[in-house]
Amino acid sequence: MSTTIIGFPRLGEFRELKFTTEKYFRKEISEEELLAAAKDLRAKHWNIVKEKGITEIPSNDFSHYDNFLDAAFLFNVVPASVQNLDLSDLERYFALGRGYQGEKGDVRALPMKKWFNTNYHYIVPKFEKDTQVKLAGHKIFDEFQEAKELGLNTRPVLVGPFTFLQLSDFEEGVKADDFVDSLVAAYQEVFAKLAELGATRIQLDEAALVKDLTAEEKALFLNLYNKLLADKKGLEVLLQTYFGDVRDVYADLVNLPVDAIGLDFVEGKKTLELVKGGFPADKTLYVGIVNGKNIWRNNYEKSLAVLEQIPAENIVLTSSCSLLHVPFTTANEEFEPALLNHFAFAVEKLDEIRDLDAIRNGQGSEALAANKELFATERVGENAELRARIAGLTDVDYTRLPAFAEREAIQEEAFKLPALPTTTIGSFPQTKEVRAKRLAYRKGELSQKEYDAFLAETIDEWIKWQEDIDFDVLVHGEFERNDMVEYFGQNLSGYLFSKNGWVQSYGMRGVKPPIIWGDVTRLNPITVKWSSYAQSRTNKPVKGMLTGPVTILNWSFPREDISIKDSTLQIALAIKDEVLDLEAAGVKIIQIDEAALREKLPLRRSDWYEDYLDWAIPAFRLVHSTVASDTQIHTHMCYSEFTDIIPAIDNMDADVISFEASRSNLEILDELKAKNFQTEVGPGVYDIHSPRVPNEGEIDNTIEAILAKVPSKKVWINPDCGLKTRGIPETKESLIRLVEAAKAAREKL
C-alpha cells in the first residue's frame, strides 16, 4: 500500500500566511514579497509531509484565500465588475474575496457560505450570461513546478467540475448545463498542461457527491464525467470524495473510467457496506481512515478492523478529508503528556496514516502496542450530579410560556422601541490596544484592578458613542472576550484550550476551537459582571451576549466517547444558568448566538431531524425556557444556508433573530415570507466581512428591499455579524450610515 492525504493546512505552523497577507493588505510589503513568503511556506509544508513518509504528496491544496475561489479564478468565472478593475491578478483575486474600495473602483465581495458541515467558508462564484469559461489562471501549474524543482512529483488537487457547478450561483436565466462543454474543455486543458509538465495523476474533489442527489444532478454529474474522461490527456484521475458516503452514485462511480476513487470511511455511514458489495480490480481505492475533522488519536484496532473488511486489491491510505480542518501540530502545545497523548493534529495524523500502513504490512508493532495501551486506559470520569440533572429533564423544561404572540405584545409595551429598532450583533473592534491589554493581564503584567479599569473605560466610551448616534438597543462590545467560544469554555469544566491550535475559518481568519475533554458544567457566572456594568451606564437597553450551546459544541472539538447530543445538553444547562443570572442582574434583552446552528446539519435531508434538529432545537429552547415574558431573547446566525430549515429556526422560539443577508442578496426573505415566519428578524443590512464601507444610499436600498418582503413591525436593523475584526473608522462610518438609513426608513412608514 501507499499513503497520502487529501490536503494540508495552509496558514502555517504559526499562522505565517495570515500575518504576511495582512501586512500585504496594509501595504507594508509588496506583492512580490507576499508571493515569495507563500512559496517558502509551501516548500516547508511539502517537506514535512515527505519527511513523515507519506508517499503521495498533494499540491495546489494551498490557497491565498480559498480553494473554491482559486478554481473560479482559474476558469475565468469572474464578474465583469472585477475583470474590469485596473489591478494586478492578485489584487483582483483578493477583490473577489474581500471586496475592493479605492481609486480604481468599488466592488463588493462575492458571497460566502459554509463548506458543507464544517466551520470553513468558501467564496461563491457566480455564472452569468456573459461568463466565458476558459483556462485563465496558472496557479495549479506554478505550484506543481515549484514542487518538481524540489524533487517532488506531486498530485495536483482541484475542485471537481460537478462540485464546482453545484456550489456556485447562477444568474437568472442561466443554468449549469449551459457551461458543461466549456468547463470540460477547460479542465481537459488543465490535464494536458499538467501532463506536459510531468504530472501523472490529478485529484478532483467531488464532495458534492455525498449529498442527496436528484435525477437531474446525477445526470449532470455523469454528463460532465463521461465527456471529461473521454480524453484524460494521459493523466490518471483520482475522483476524491469526503464528508460522507456516495450511496446515490456509487454504482455509476465505479463504472466510470477514472483510475482511482477516494471514499470517506469515517463519516460515510454506508461506505464500507458499498465497497464490500464490490469494487473494481482495475481501480485504486483511496481509503479515508484517519479523521480529518477531529483532533483525537486514531484507534488503530478499530481502523484495522475496517481495513480488513475492504475487498479492494489496490489501496492507498489517506485522511477522511483535508487536514485543513484541524490545527497544525501538537508539538507547540503545553498539555501534560497524559492529555497530549490523546491528540493528533495535522502533522500527527501523518504519523497515524504511516503507522496504519506499516501495521498492515506486518511492521509497526510498537506503534500498535502503544496505541492499544492508550485506548485501554480510562480517559475521564463522569459528573454524576450533571448526568442526573439531564436524566430528570421533561418536556416542560423545553417550553417557554406564554406563547410568542403574547410575549411580543408584552415586550412591545415593556421596551417601547421605535419602528425598525437599531442594534449591532455584539462585538466592537478589538484594537491592538485591547489585545495588548488582555495579553498583559494574562501575563500578570497588568493587575485585575488595572485591567478592569481599562475595560470599564472602553465600555463607557462605546456606550456613550452608541447613545450619541442614537442606537436603540446597545451592546457592551465584548472587549473582555478573545473568542465567542473560548471565552465561555474557560469558565466551564470539561474544557481544554490549545496554545496554537488555529484552524482556518475564512480568508486569512483563523479560529482556535477548544477541546471538550469531559463533562461540562458552569464554574461561575461568566458574563454578568460586564453586561450589568454596561447596563448601569445607560437608560437604554443593553443586550447581554451569550454563545448558544449548539454553537459552543459545533465550534469545539467534540468528545467521541459520548454523543454530541449529550454534550450539547450539558452545555445548554450551563448557559441556562448564565441566562437566569443575567436576567436577575437586570439585563432584559439577552442574545444567545447560534452562529453555527446549520453547521453540523447532516448533509442528507433524511438525517436532518432524527440525527440533529430533533435535539439541537430543543437544546436552544432549554436555555431560555424559564425567563420572564418581558425578557426578550435574541439569537444570531452567521453565514449559512437557512432557507430549507426555516420552520426549525422559528421553532427555536426566540423573540428576535438576526442573520447574514447582505452578501446573499436577501435571498432568505422570500422563504421567510412563504413560511409565515413569526420571529422578529434583523437581516444584516451590510457585509462586515469586507472592509468596504457601504455607499450613500446602499443601506437605504437594502432596508427598502427588506420591507418589501417582511412587515415593518417584525424588522430590526443591524449589520450582518459582529464587528470584532473590523477597524474603528470603517465601523463607525458604517454604523452611522446604518442609523441614518433606519431613521429615514421610519419616516416613510
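Including glycine, each Cβ sits where the backbone N, Cα and C put it.
Swiss-Prot names ILE425, GLY426, SER427, GLU478 for binding L-methionine. Of ASP577, ASP581, ASP593, the residue it gives for the same site is ASP593. When TRP46, TRP555, TRP608, TRP615 are compared with the 5-methyltetrahydropteroyltri-L-glutamate site residues ARG15, GLU16, LEU17, LYS18, LYS114, GLU599 in Swiss-Prot, the one appearing in that site is TRP555. The Cβ of LEU17 (5-methyltetrahydropteroyltri-L-glutamate binding site) has ARG10, LEU11, ALA37, ALA38, LEU41, HIS64, MET508 as same-chain neighbours under 8 Å, each 6 or more residues away in sequence. Neighbouring residues of the recorded L-methionine site, listed in sequence order and excluding ILE425, GLY426, SER427, GLU478, ASP593, comprise THR424, VAL475, MET484, MET545, GLN591, HIS636, GLY722, LYS724 (Cβ within 8 Å of the Cβ centroid). When the recorded positions GLU478, HIS689, CYS721 are screened for a Cα within 10 A of the Cα of LYS114 (5-methyltetrahydropteroyltri-L-glutamate binding site), none qualifies. Across the structure, LYS18 (5-methyltetrahydropteroyltri-L-glutamate binding site) and GLU478 (L-homocysteine binding site) are spaced 23 Å apart at their Cα atoms. Rounded to a whole value, the Cα-Cα separation of ILE425 (L-homocysteine binding site) and GLU660 (Zn(2+) binding site) is 11 Å. Around SER427 (L-homocysteine binding site), taking its Cβ as the centre, 21 other Cβ atoms fall within 10 Å, counting all chains.
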